[in-house]
Amino acid sequence: MDLVLFGPPGAGKGTQAQFLVESYKIPQISTGDMLRAAVKAGTPLGVKAQEIMAQGGLVSDDIVLGIVAERIVQDDCCAGFVLDGFPRTIPQADALDLILKQAGRAIDHVISLEVDTEEIVKRLSGRRSCPSCGKGYHITFDAPKEEGVCDICGSSLVQRADDQEDTVRNRLLVYEQQTAPLKEYYRSKHVLCSIPGMGAIAEIQQRIINALVS
Ligand code: AP5
Ligand code: ZN
């Protein structure tokens, strides 16, 4: 099953991708995670992306398409994938369509998570993650057992540089201008399913399951 998890920053795409990975045995492809790994490793691509990401802007389509095109043809994507944070522009969506078409595939579902702006700011300012094993947390909504410490591996949790409130608001603006138009793009292809992204994580998970089986 070829899925796109769509929605504004902080809508819960990364959170909900986890159960899809486990339930459907397909990999999560997060362009944000891949770009952050490149920044951390200091690769030429990471150096290019770093400043744009810190400001909450979009990395160029060429760079992002390069990394996705390479990833999507790997063996573990044969049975499908969950795209998280990609596509984010119309040219990215067109290029994705073409890559999949050449492989005789197409996007099956685009799940769009709808969340209010102020809830997003709350979610992102409280988000923390484990730098060692990658597990995500929220200081209020999904807190670790011991404050600031990963439940799984015991590492100290960190906050993303672009989760400061000013940057979050800029990311939301960029989303409205450049990414939200993709909803119409996928609606016209009859694969868009809008889901309320407010409420408990488990409730939203159930809404996604219902959408995928209907
Ligand atoms: P990326 O990493 O993709 O960030 P994003 O889209 O802004 O999304 P987030 O990861 O912030 O949010 P999410 O929806 O995954 O929410 P999460 O589940 O973590 O991109 C970062 C940057 O990379 C971009 O700004 C851009 O510069 C660049 N980039 C990436 N892809 C690109 C592309 N395709 N083209 C160009 N540039 C690109 O949840 C957030 C928090 O809320 C967590 O703490 C979580 O625990 C909590 N939470 C989740 N669900 C709930 C709930 N139901 N109730 C309460 N809390 C909840
Ligand atoms: Zn950990």
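Just so you know, glycine gets a Cβ as well, placed from its N, Cα and C.
According to TrEMBL, the protein carries these features:
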type	residues	note
BINDING	GLY10, ALA11, GLY12, LYS13, GLY14, THR15, ARG127, GLY199	ATP binding site
REGION	30-59	region 'NMP'
BINDING	THR31, ARG36, GLY57, LEU58, VAL59, GLY85, PHE86, PRO87, ARG88, GLN92, ARG160, ARG171	AMP binding site
REGION	126-163	region 'LID'
DOMAIN	127-162	domain 'Adenylate kinase active site lid'
BINDING	CYS130, CYS133, CYS150, CYS153	Zn(2+) binding site
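Feature annotations (TrEMBL) mapped to structure.
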residue: GLY10; record: ATP binding site; Cβ contacts under 8 Å, 6 or more apart: VAL115, GLU119, ILE120, VAL121, ARG123, LEU124, ARG127, VAL168
residue: GLY12; record: ATP binding site; Cβ contacts under 8 Å, 6 or more apart: LEU113, VAL115, ARG123, GLY197, ILE201, ILE204
residue: LYS13; record: ATP binding site; Cβ contacts under 8 Å, 6 or more apart: LEU5, PHE6, GLY7, SER30, ASP84, GLY85, LEU113
residue: THR15; record: ATP binding site; Cβ contacts under 8 Å, 6 or more apart: GLY136, ASP142, ILE201
residue: THR31; record: AMP binding site; Cβ contacts under 8 Å, 6 or more apart: VAL64, ILE67, VAL68, ASP84, GLY85, PHE86, ARG88
residue: GLY57; record: AMP binding site; Cβ contacts under 8 Å, 6 or more apart: ASN170, VAL174
residue: CYS133; record: Zn(2+) binding site; Cβ contacts under 8 Å, 6 or more apart: CYS150, ILE152, CYS153, SER155
residue: GLY199; record: ATP binding site; Cβ contacts under 8 Å, 6 or more apart: none
Annotated binding-site residues GLY14, THR15, CYS130, CYS133, CYS150, CYS153, filtered by Cβ under 6 Å to ligand 2: CYS130, CYS133, CYS150, CYS153
Inter-residue Cα distance where the pair is GLY14 (ATP binding site) and VAL59 (AMP binding site), in Å: 19
Mapped DSSP class for THR15 (ATP binding site), helix or strand or coil: helix
Integer Cα-Cα distance in angstrom, GLY14 (ATP binding site) to ARG160 (AMP binding site): 14
Rounded Cα separation (Å) that holds between ARG160 (AMP binding site) and CYS130 (Zn(2+) binding site): 11
Listed binding-site residues adjacent to ligand 1, that is, members of GLY10, GLY14, THR31, ARG88, CYS153 whose C-beta is under 6 A away: GLY10, GLY14, THR31, ARG88
Binding-site residues: ALA11, CYS130, CYS150, CYS153 - member with fewest neighbouring CB atoms within 10 Å: CYS153
For ARG127 (ATP binding site): DSSP state (helix, strand, coil): strand
For AMP, whose listed binding residues are THR31, ARG36, GLY57, LEU58, VAL59, GLY85, PHE86, PRO87, ARG88, GLN92, ARG160, ARG171, the greatest C-alpha pairwise distance in Å: 25
Number of other Cβ atoms within 10 Å of the Cβ of GLY14 (ATP binding site) across all protein chains: 19
Overall pLDDT for the region 'LID' (126-163), taken as the rounded mean: 94
Secondary structure content, the region 'NMP' (30-59) (per DSSP, counts of residues): 23 helix, 1 strand, 6 coil
All-chain count of other Cβ atoms within 10 Å of ARG88 (AMP binding site): 20
Other C-beta atoms that fall within 10 angstroms of the C-beta of PHE86 (AMP binding site): 23
